[in-house]
Amino acid sequence: MNSPHLAAPRFNWQGVWALYRFEMHRFRRTLWTGLAVPVITTSLYFIVFGSAIGSRMTEVSGIPYGSFIVPGLMMLSLFQESTFNGAFGIHMPRFTGTIYELLSAPMSAFETVLGYVGAAATKAMLVAAIILVTANLFVDVQVEHPVIMLAYLVLVACTFSLFGFVLGIWAKGFEQLQVIPLLIVTPLTFLGGAFYSLDMLPEPWRTVTLFNPIAYLINGFRWTFFGQADVSPLASLAVTAAFFAICLGTVWWIFRTGYRLKN
Amino acid sequence: MQPIISIRGLEKTYASGHQALKGVDLDINRGEIFALLGPNGAGKTTLIGAICGLVTATAGTVTVDGHDNVRAYREARSRIGLVPQELNTDAFEPVGATVRFSRGLFGRSPDPALIEQLLRDLSLWDKRDAIIKELSGGMKRRVMIAKALSHEPEILFLDEPTAGVDVELRRDMWNMVRKLRERGVTIILTTHYIEEAEEMADRIGVIDGGKLMLVEEKHALMKKLGRKELTVQLAEPLAAIPPELADWKLELIADGRELRYVFDRHAERTGVPSLLARMRDLGINFSDLNTHQSSLEEIFVGLVHGKRAA
């Protein structure tokens, strides 16, 4: 402390790394439930949808039904995990009051978001990977465009982690933290063709579903597996990018105004 | 010497319309211990928050070692360690990990030796692997201090550091503050315990209603505002104060056995010799007399109440 002060770094990598590690450590504490839940959930979906219903459906758009639902299953968990982790990560320090340290630290908004969203997205992608591996025990899953699949996974995980971050700042309590994922994200996912093809829907429901942005996300991801989907992959990419931009813009606004961060 | 913190025209109005700071100007000198005194709701915590980045000021500027705390927030904040008033800690983290985390958050590379020394200084080394929520309140307070010091700040803010703290920790804390000061760290603290400010601080600022009422070198403050009290124990009780002594505005206490006279010891004429001479003329004998200098607390209470009444 008697040493002359060092110049503050231009980019606080140490700070980003500290936040990222802190968040990942939080996940490690609940590692076993974190791993068991996706494995059990996936197995249940395969027993219910794959065996019980799938045995009567055999194929959707020329793809065995069991394989068809894998991308939707991964997306469903990716949405839930990213949103929850992103929300919980920033909500917890607001709840306990430890946010004072983050606000008083030489961290830019970008660095803060990078730490939190990076960790939330990492965990969500790990869960998605576990689901893919578990699914392979039940059905044969081929990924036609693995690099694009991975890139798309990163984009969607980051988007929903950002969305979760906004939620974690907006929420006034833990109930509110649960409400948006349960009342909006999960229903939209189920209605967005996670477990069926939009072509199977009668009109006007098919057209109505095209207004559900989640449908584009699921179909974009499904395209990377099978090279075919209900909507064009470019439309999927455009919707995902737009959602990403909206979340990013909201986070930027939060930090600029200090909304529910500073008083 | 350039002040380490320079505050100019700092104002804060909350969304509720409450004006917590009404134009504060203050310079903190390098290496001093500055005590900020004030009643609850005076604006102490808001002032600290505005310097440290927790509160967005409505108007005014703060520079830390020459760096504007908004435009050059990295430079400003990396020099500051903050121990807030509330016991805000993580629950499930181990002590050592949370202190290392704080150092990283402030952009400093890991330094296990420094963290070990810090934990030893704060009697936390044995608890380094303990989960924070299992610690006592006093231990949590130590953890918060360790976190604030983990990045070797030049300036340390202690907001009500000894509120609800046991005697041992309070003593340890003041020893630590002295050691830090010897190493050149500037310390700004708020306290309700005026004897602590009296004992520790180099300078004292009194804040009330969002305004700095005064900032003064401690001894100068006590001299300047130090009022003395003379108590005269009478040989014979008096039923009333004789009209001949009305000029001194005396008080008759202890069932008429004592006379109390309050005077300014720096006034050109304290009035003491003339009072005693007059009493002798009137034939009022006394058995003893003593004087008492008012403490900082009395000064403080007098100041705040005086201004409020005005």
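In case you wondered, yes, glycine gets a Cβ from its N, Cα and C as well.
In TrEMBL, annotation is done automatically, which means it is predicted and not curated.
What TrEMBL annotates here:
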DOMAIN    A:29-258  domain 'ABC transmembrane type-2'
TRANSMEM  A:31-50  transmembrane segment
TRANSMEM  A:62-79  transmembrane segment
TRANSMEM  A:113-138  transmembrane segment
TRANSMEM  A:150-171  transmembrane segment
TRANSMEM  A:177-198  transmembrane segment
TRANSMEM  A:234-255  transmembrane segment
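With pairs at least 6 apart in sequence, the transmembrane segment (A:31-50) and the transmembrane segment (A:113-138) have 3 or more Cβ pairs within the 8 Å limit; the two touch.
Among residues of the same chain six or more beyond the transmembrane segment (A:234-255), those with a C-beta under 8 A of the stretch's C-beta atoms are 109, 112-113, 152, 155-156, 158-159, 162-163, 165-166, 169, 213, 216-217, 219-221, 223, 261. Residues 49, 60-61, 68-69, 72-73, 75-76, 79-80, 83-84, 87-88, 91, 160, 167-168, 171, 206, 209-210, 212-215, 217-219, 230-231 of the same chain sit 6 or more residues outside the transmembrane segment (A:177-198) yet have a Cβ under 8 Å from a Cβ within it.
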